[in-house]
Each structure stands twice: as C-alpha cells, then as structure tokens.
Amino acid sequence: MNEENQTTVADFLLLGFNDLYSFRDVLFICLFLIYLATVSGNLMIIVLVTFSPRLDSPMYFFLGHLSCCDLLLTTVIVPLMLDSILTEVTISFVGCFAQFYLFGSLATTECYILSVMSYDRYLAICDPLHYSSAMNLKRCFHLAFWCWVLAFLLMLLTAVQVGRLKFCGPNVIDHFFCDLAPLLQLSCSDTAFVEAENLVVGVPSTFLPLLYITKTYMSIFCAILKIPSAIGKKKAFYTCSSHLTVVCIYYGTLIVAYLFLSKSHSLNLNKVLSLLYTVLTPLLNPLIYSLRNKEIKKALSKFLIGFN
C-alpha cells in the first residue's frame, strides 16, 4: 500500500461480548457486582494492613501491595468493559495504548510481588532465626519499590514499540480491552520486531518469577518435611497455603491464555480466560486470604467493633 493512500486510525471499536448481546443485562449486573466485591475486598485488605497493629509484619505488608495491584488492574479493565456491554464503545489510540501499558505493567508487578511473597515465606520457614533481620522494614520497602518500578520500566520497552506501529484500518478489536495480540493483528506495520521484543522481555518477566516461586516452594516443602511434629508441619504449611493458592490460580490462567491458546481461533474462549485473570483473580485473592487467615479475621472483627 502506498504511503499516501494509508489512513491513520484515530480510535478503536471494542466489540466486547457482542455474541452475548441478548444476555447483556444479566452479564452487566453479574460483572458489576463482581467488580464491586473486588473493590470492596481489596480495599478492606489495604485498610486492615495499613491500620491494624495485628497485621504489622512483612507478609501482610506485601499482601497490601498485592491488593493494591489487583485493585488497579481490575479498575483499568472492568469499567470500560462494562460500558462495552451496554453500548458501542470506541477508545482513542492514546487511551488504548495507555490501557495496554497499564494492564501489562500491573500484571507484571503482580508476578514480582508474588515472587517476593514466596521469598518472605522461604525465610520465615527455612531460616526463621534470621527472618527479622533479613526482612526488616527497609528491605521490605526496597523489595516492594522495585517490584513496581521494574515492571513499569520493562513494560515501557514493549509499549513504546507498540506506540510506533501504524494502524491503517480496520479499527475493530474483538476483545473487551486493548491486549497485545489484537493490536498486532490490526497493525499495517511489520510487527516482527515487537513480537520478538515481547518474547525477549515479556516472557522472562512473567515466567522467571514463576520458576523462582517453584524453586522456593520446593525448598519450603523440604523444610516442612523435616519438622518433627505433625502440628508444626501443619502450622508451617498453613502460613504459605494462601499464597500458594493465589499463585496457582493466577499463573494457571495466564499460562493457558497466553501459552496454549495464543494461536487459537476460539476468540470467545480467550475472552473467558481473560476474564479469569482480569476479573475473577482480583476477586479471589482477598477472599482466599480473608477466609483462610485467622489474623485477618481477627483484625477485621476488631476493626468493625471499633468502627461501630
């Protein structure tokens, strides 16, 4: 195509769940209620971790950051998705670019925070005598800081390359948010470099933390097996069971969506899997920690009594 005949796309049309148009009211209500529950649950965790002396420990400090990341991630995606269910939604190129960048950065931040939380559990179980000195307040702040900064800087490399792509039409994205795959499909530029850069930077940023978490938990399980008493084993495993559950849910949906189904023609299945890690996982995280953690239950009860 000649350069002079190319037209630059100024905005994109998000189709969302157009195949479920006849169920749009029910779908909107369900997702809206899930979003409200997600916001409420993660805000509850953030408030409790911030103000409850009972939760003044590194494990809950990182849990607060995880809830903050979940809250931001679902807020970047869900409001626009809800709008697309009821009406035809167009998003500007800048808005689409910003959503893609923020979503990718927050998803990567969550991977880093989960890996730092596994490091915290490793020290607590495998090296308890040095835990207090190793996970002091300064170290916790540094770890949390670099989880956020490193993720946003690395994602910026991919985002800049996506921002330089040309879009000549069509401008229809068959998804409910601006993900990388549909954007590359719509571009009239050569996307080989962007795909290679995303493979070199993005994949290690996501799966190296998973390898670290796996190695960490292998060491944790070995240490737990060496504990002589059954009560001691149960108590040690209980302290990391919530985190392990969250890791399995989050990475399970990511791996299936981006590794096994990245080339799939089942767009509806990709949308469902995308819902799992953009909507359901941020909802499940506070539920898992609040339902399985006695300290959070006690802190919540005390907070509610004091509030009344």
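A Cβ is built for glycine as well, from the same backbone N, Cα and C atoms used for every other residue.
Residues annotated as transmembrane segment in TrEMBL: 26-48, 60-80, 100-119, 140-160, 207-225, 237-260, 272-291. Summarising the annotation, TrEMBL assigns domain 'G-protein coupled receptors family 1 profile' to 41-289.
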Stretch with greatest number of CB pairs under 8 Å, the transmembrane segment (207-225) reference, 60-80, 100-119, 140-160, 237-260, 272-291 candidates: 100-119
I need to check the long-range neighbours of the transmembrane segment (26-48): which residues 6 or more away from its ends have a CB within less than 8 Å of a CB in the stretch? 17, 20, 55, 63-64, 67-68, 70-71, 74-75, 78-79, 81-82, 85-86, 279-280, 282-283, 285-287, 289-290, 296, 299-300, 303
Using a cut-off of under 8 Å between C-beta atoms, tell me which stretch among 100-119, 140-160, 272-291 contacts the transmembrane segment (60-80) the most. 100-119
Quick one: average pLDDT across the domain 'G-protein coupled receptors family 1 profile' (41-289), no decimals. 87
